[in-house]
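Peer 1: Input: one structure, supplied below.
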Amino acid sequence: MEQWGEDSGGNQEKGETDTNREPPVIRLRPRMLRDVSVMDTKTTVLGEEISCPIAIAPTAFHCLAWSDGEMSTARAAEALKLLYVASTYATCSVEEISQAAPEGLRWFQLYVYRERKLSERLIRRVEALGFKALVLTVDVPYTGKRRTDIRNNFQLPPHLKVKNFEGVFEGHSGPDNYGVPLNTLDPSVSWKDICWLRSVTNLPIVIKGILTKEDAELAVVYGVQGIIVSNHGGRQLDGELATIDALSEIVEVVQGRIEVYLDGGIRTGSDVLKAIALGAKCVFLGRPIVWGLTYKGEEGVKGILQILTDEFRLSMALSGCRNISEVNRNLIHVAKL
């Protein structure tokens with residue numbers, strides 16, 4: 001599912017663009033002599049303060065990268081006062097994640113299942129644990145053709161489980177899909193299920209996987225509190241929009257009525273700056289977090305987050321921006337090749 005990609009970021013990975021049409025190049029227009037001796041990178045997401053507009057996207061199976069997996073990831077986010085979105089497909093349970101980082105800001109990523117009670121039971125658990133929002137992934141009515149996973153015959157190792165479903169599928173002997181029985185997800189999910197979700201929780205709802213202004217407008221109409229512009233790390237539909245290319249039309253149609261975030265392709269502090277200048281409230285990181293986790297667990301994730309935070313602060317200063325409110329569309333020049 002979100003195995004180091006859903007919610008992990010990709011913009012179809014750099015270089016994977018239509019060979020017949022080069023995308024526009026996004027450049028920065030820095031301002032000078034602005035007195036950037038005092039800098040402030042703080043912002044808010046759904047009313048909660050974070051130290052920088054950088055957050056951790058939901059990605060699955062962190063115990064493949066480090067022994068205590070998502071617990072290390074949560075501790076790193078807590079230490080840097082950043083948001084962490086825990087995946088349904090975590091190899092640590094939501095209870096273990098909460099216990100590992102009790103003061104951290106946490107959202108929970110959710111799917112709609114054929115058996116709605118599966119989703120509802122997860123919602124009740126995260127409500128009780130103090131998670132602050134639900135992130136509904138909407139771009140997986142079916143799992144995309146993930147050729148690398150097919151080539152590698154990927155299976156979750158026997159010693160690891162999708163801990164949030166521990167005991168739920170006992171006795172199941174058929175084929176599975178990333179650690180849960182095949183066909184558990186509901187391909188009939190539609191906008192009416194947003195109404196169902198709002199009827200079973202008071203938590204804010206953020207929709208992840210939106211790439212068009214039409215769907216962004218529907219998200220507003222159906223009463224969600226946020227949109228994550230995401231292409232599932234480029235792992236669902238070949239040839240779809242890079243998220244940075246989709247961002248502007250979504251920001252334009254939303255007109256500040258709900259918050260808009262960007263997931264995918266963020267690798268440097270200037271990438272963060274460009275996304276914020278184009279209207280994203282915050283960016284989400286997937287693959288880089290797993291790289292840091294693989295390198296050195298909690299300390300590796302902290303290192304990745306610190307590198308990007310420092311680069312973002314420097315990019316702001318060199319562009320003449322002293323705080324987030326000064327980062328806006330005037331900073332951007334879009335050049336066509």
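Cβ from N, Cα, C; glycine included.
Pasting the relevant annotations from TrEMBL:
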- His232: active site, proton acceptor (ACT_SITE)
- 58-60, Ser87, Gln109, Thr137, Lys208, Ser230, 263-267, 286-287: FMN binding site (BINDING)
- Tyr111, Arg146, His232, Arg235: glyoxylate binding site (BINDING)
- 1-337: domain 'FMN hydroxy acid dehydrogenase' (DOMAIN)
- 1-25: region 'Disordered' (REGION)
Peer 1: Of all the binding-site residues given, namely Pro58, Gln109, Asp263, Arg287, which is spatially nearest to Arg146 (glyoxylate binding site) at the Cα level?
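Peer 2: Nearest by Cα distance to Arg146 (glyoxylate binding site): Arg287.
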Peer 1: For the recorded positions listed here (Arg146, Lys208, His232, Arg235, Arg287), which one has the lowest count of neighbouring CB atoms within 10 Å of its own CB?
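Peer 2: So among Arg146, Lys208, His232, Arg235, Arg287, the recorded positions given, the one with the fewest Cβ atoms within 10 Å is Arg146.
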Peer 1: Return the single residue from the binding-site residues list (Pro58, Gly265) that has the minimum number of other CB atoms within 10 Å.
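Peer 2: Counting other Cβ atoms within 10 Å of each of the binding-site residues Pro58, Gly265 gives the minimum at Gly265.
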Peer 1: Let's check the environment of Asp263 (FMN binding site): how many other CB atoms sit within 10 Å of its CB?
Peer 2: 32
Peer 1: What's the CA-CA gap between Ala60 (FMN binding site) and His232 (active site, proton acceptor) in angstrom, rounded?
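Peer 2: Approximately 12 Å lies between the Cα of Ala60 (FMN binding site) and that of His232 (active site, proton acceptor).
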Peer 1: For the binding-site residues listed here, Ala60, Arg267, which shows the highest count of neighbouring CB atoms within 10 A?
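Peer 2: Most Cβ neighbours within 10 Å: Ala60.
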Peer 1: Limited to the domain 'FMN hydroxy acid dehydrogenase' (1-337), I'd like the whole-number average of pLDDT.
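Peer 2: Value for the domain 'FMN hydroxy acid dehydrogenase' (1-337), mean pLDDT as a whole number: 92.
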